[in-house]
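Undergrad: If you look up TrEMBL, you'll see 3-159 marked as domain 'Flavodoxin-like fold'. Per TrEMBL, the feature domain 'SCP2' maps to 268-344. Positions annotated as transmembrane segment by TrEMBL: 371-389, 422-439, 445-463, 493-512, 518-540.
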Amino acid sequence: MRKVLLLNGSHKSTKSYTMIIAEQFASGLIEYDPETVIETVDLIRKNINACTGCHSCWTTTPGECVFQDDMTELFHQYEEADIVIWATPLYHYGISSAMKKFMERTQPALLPFIDNEGRGTYGHPFRNPEKMQNKKHVLISTCGFPSKKNNYEGVEEQFNNLFGKDKWEKIICVEGELLGIHQLDNLTGPYLDLVKIAGKEYGESLSISPKIREGLAKPFVETPTYLQTTNLSWGVDDTRMKDSDGGLIAWNYMKEVQAAFNPKIRPKMNAVLQIDFTDIKERYQLVIKDETCTLLRNDFARETTAISITLTTLERILEGKIDAAQSLLEKKYAVVGDMRVFNAFLDGLFGPVNLNPDKKKRLVPISFKNTPYWFFVAMCPWIFCFLFANYNSLIGVVIPMMISGILCGIKRGTDLVYFERATLLTFSLLSLMVVTFGSDYQGNTFAIIGYFALALIWVISTLKTVPLTADYTHYFNGRNALKNVLFLRTNRLLCYIWSLVFLAQAGLALWLNTTLLINFAAIIPILLSIPTFAFSLWFLKWYPSEMAKPK
């Protein structure tokens, strides 16, 4: 069982950006070896006196400090640890004062004697070499600079002096301030995933591979973009800048929004997103072209999509504090124009957006079976039943059951959705009825039952978190569609409409079954689906746009 001592040297305690990285690294260690024991110490909360250089730990009380404070227990933990993780932000080109106090108070681990270590260097030997010589050390640090050059040399040399050159590991995260910006999770998230991999590697080999090291050394964004964003984040005017905000209230904030632009959300998108702030009466445009984003405050282009919103509401949406789709339904803001651009916004075009419900459908690989067009394939058993049940009830029911079984076999497991499972269950029950009572009923009877079954299946789906049609149409609406309450409401209404249509088809089939058109009683009602399908395509575009408009 491996013991790990994780030292948090940040004065921000649990809100430390450095600890975000350190905890990811620790989770990688645990993933490699679940029996790993990690003791986290928040140094700022501990009573640790500063070393006074009295050397009593070398002379009067060998191996023990004269101060009886929290360091007494911490020193014991330090000695017993197999791995020590030193998590400290860069404070004024060095480690934090809390970390420095702890580091100085580890002097009792050394003997007072000075040894010649070769190459003109000298040092103190360990008091308990069996505990200290094989101890592994990892430095994890963040800084606000876009580069570690001319910033970390002092820290690295200090660790070299204490633990030996190239005998300790490090993760130094530049542009660390971005870890605290929720809108940039799309940039920082992959980095944190890489940190976890580094932790897993270190757990296995007590080192980090060059490839992972290289990835961890990269900045989140290009330096000019970072400087623009971080310099604005202080909320202090730079009087040296000639390019002022022109008296605009939201100008600096909109530059942060521009900096959060993520072209990977919609590659090759060309659009103009206009933001009209209704409270401060300011207008801005985000011009997206060639995977870059330009912010305009005048000389506007023709907008593709316009959002009318208060500055506070936009801030709360991009900070993830309110549900973007629910707020739209509540008319807290309005959208006009191309809803595809708005869907890209919800998908995180300018940073992650909070959407509910929290239950997120598993994303599946894109293939034909995972596209909206699979719905037409899923309808094949029903169409076959309506076409042939009157002529041969056994063929009209059993073959659809077989087709449905094959389709479910193609998708399998979690790729299967509600409608496909319900179809297989329905035709399995109908096949059982045909085998048991088939000779007592006309073939149209089973087709009419099929129409009623469709109505029941579709209306039941409106009670689910994800209504039936949403399982297919969400592929048209971005990766966050299934968490978008407006999208879900649109599809829920559509399912109600279709269930009424299926009831009408069942009623029409019942009536035709009493007329001279009895042989076509199950087929003719299918024609009602054609205008309903056309209506559905229109409704899927019209309803969200209508709900997004201002009152």
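Each residue, glycine too, has its Cβ placed from N, Cα and C.
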Undergrad: Below 8 Å between Cβ atoms, which of the listed ranges 371-389, 422-439, 493-512, 518-540 makes the most pairs with the transmembrane segment (445-463)?
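TA: Highest pair count goes to 493-512.
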Undergrad: Do any residues of this chain, six or more beyond the ends of the transmembrane segment (493-512), have a C-beta under 8 angstroms from a C-beta of it, and if so which?
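TA: Tertiary neighbours of the transmembrane segment (493-512) are 444, 447-448, 451-452, 454-456, 458-459, 461-462, 467-469, 518, 520-522, 524-526, 528-529, 532, 535-536, 539-540, 543.
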Undergrad: Cβ under 8 Å, sequence separation of at least 6 from the ends of the transmembrane segment (371-389): give me the contacting residues as numbers and ranges.
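TA: Sequence-remote neighbours of the transmembrane segment (371-389) are 395-397, 399-401, 403-404, 407, 419-420, 423, 427, 430, 443-444, 446-447, 450-451, 454, 469, 472-473, 475-476, 522-523, 525-526.
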Undergrad: Kindly report the helix/strand/coil residue split of the domain 'SCP2' (268-344) according to DSSP, in that order.
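TA: Reading the DSSP string over the domain 'SCP2' (268-344) gives 20 helix, 29 strand, 28 coil.
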